[in-house]
C-alpha cells in the first residue's frame, strides 16, 4: 500500500494487522465502516477475542455530500493528525490517542471512543454533562494559549504556523459562514417556510458590516492554532469524559472562532428545545442548563487562560498592566460575534444541525429556526459592545422571551 486509494473494509483489516503492538498476530479482526461525515471514511477495527478496537480515519479526495466534483486536499489528514498530537501533548485526557499516521494513504489510526457518544446526539436526547464546561474550557485555554504569541516562543510559533496553512478547508469556512448565508447563493439550504427571513438577512446591510469585520478577522488574525470546526458533532462525551475529535480544519486564526463554535452549538440546541422538550417546564429547565453551560464554558476558559498567562507568559510587553484585561475583552467580543455567525449559517447555509433539522413537527421546527436566526443576528449585531458573558446570556434570554413569545 504505497499509493493512495480509498480502503475497503477488507483492506482496512489487512492494514490494521501491520500496525505494531496493537493486535495479536493472526487474531480474528472485524471491520465496520461507521463514518457519517462528508469528508472521510471511518473504520472501527475490533479484535474478536479481546474486544480491543481502534479507529482508522481516511481522508477522501472529495466531499461525499457532493461527489468528485468537489475535490479536497488529502493533506488535511496530516493537518488533523499533527493537530491531535499537539492537543494531546497539552490535554492528554481530552483528545483521542493517535497510534499512527500514514501520509501515503491519508490515514490516521487512533483510539476508539465507542464508550462515548457524540455530544450533539446526547444533547438532543436531553442529557446533561456537568463536567463538560470545565473540560472544554480547559481544552480551549491550553490549546489557544500555548500555540499563541502569549505562551509560545514567537519564532517557533511562526514556524508551526507554516505547517497549518490550510487554504482549501479555510475556503469552505470563508464561503459557508461569512459569505453565502448573506446572499442568494446556490449552496444555501433554506426551507420554504423561512424564505422570508433569509431574504431579510440578505438586505440587512448593518449586519453585513459586522459580518465583514468578523470575516476579516478570520482571514488575517493568526492568533493561535484553532481546531477550526469545534461543534458538538466534533466532541465525544460521557458523564466523566470529554474528547475533542476531527481537527482537520485546523489553522492559525482568531481564538474567538473556536470558543464561539462551542457556544453557538449549545445555543442552537437551546433554540431546538421548541421541538424536543415535552412541555414548558422541561423546556425551561433544559434551556436553563444550556445557558448556564454557555456561561460556565467562558468562565472556565477565562480563569484557565488568565492563570496560564500569569504563570507561563513568554512576552514581557504583554505583562503590561491592563493588557490582559484588554485582550480578554476583545476576545469575548470576537467570541460573541463568531457565535452568532456560526448560528446563522446553520439555519440558512449549506450544512445544518440535526438538533433543528430532525424536529419532525414542521411548526416547531420553524419556530426553532426563526429563534436561532434571531439569536444569531442579535449576537452579531452586539458583538463589538459586549464586556461580560452575562450580556450574551441576557441577549439570548430577551430574544427568546420577548421576540418569540414562548416560555424559556
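Yeah, the Cβs are placed from backbone N, Cα and C, and that goes for glycine too.
The ATP binding site annotation in TrEMBL covers 40, 57, 111, 112, 113, 246, 247, 248. Annotation source TrEMBL lists substrate binding site at 229, 345. As annotated by TrEMBL, domain 'Aminoglycoside phosphotransferase' applies to 32-265.
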Task = State the three-class DSSP label for residue 111 (ATP binding site), counting H, G and I as helix, E and B as strand, and everything else as coil.
result = strand
Ask   = What is the maximum Cα to Cα distance, in Å and rounded to a whole number, among the residues 40, 57, 111, 112, 113, 246, 247, 248 annotated as binding ATP?
value = 18
Message = According to DSSP, does residue 40 (ATP binding site) sit in a helix, a strand, or coil?
response = strand
Query = Around residue 113 (ATP binding site), how many other CB atoms lie within 10 A of its CB?
reply = 18
Note = Here the mean pLDDT of the domain 'Aminoglycoside phosphotransferase' (32-265) is 97
Ask   = Based on Cα coordinates, which of the following binding-site residues are within 10 Å of residue 229 (substrate binding site): 40, 57, 113, 246, 247?
value = 246, 247
Ask   = How big is the gap, in Å, between the Cα of residue 40 (ATP binding site) and that of residue 345 (substrate binding site), rounded to a whole number?
value = 22
Request  = Quick one: give me the count of other CB atoms within 10 A of the CB of residue 247 (ATP binding site).
outcome  = 27
Most Cβ neighbours inside 10 Å, all chains, among the binding-site residues 112, 248 = 248
Ask   = Given residue 248 (ATP binding site) and residue 345 (substrate binding site), what distance in Å do their CA atoms have, once rounded to a whole number?
value = 19
Distance [Cα-Cα, Å, rounded] between residue 112 (ATP binding site) and residue 345 (substrate binding site) = 31
Request  = Would you mind reading off the Cα separation of residue 345 (substrate binding site) from residue 57 (ATP binding site), to the nearest angstrom?
outcome  = 27
Key: Surrounding CB atoms that lie within 10 Å of the CB of residue 111 (ATP binding site), all protein chains   = 18
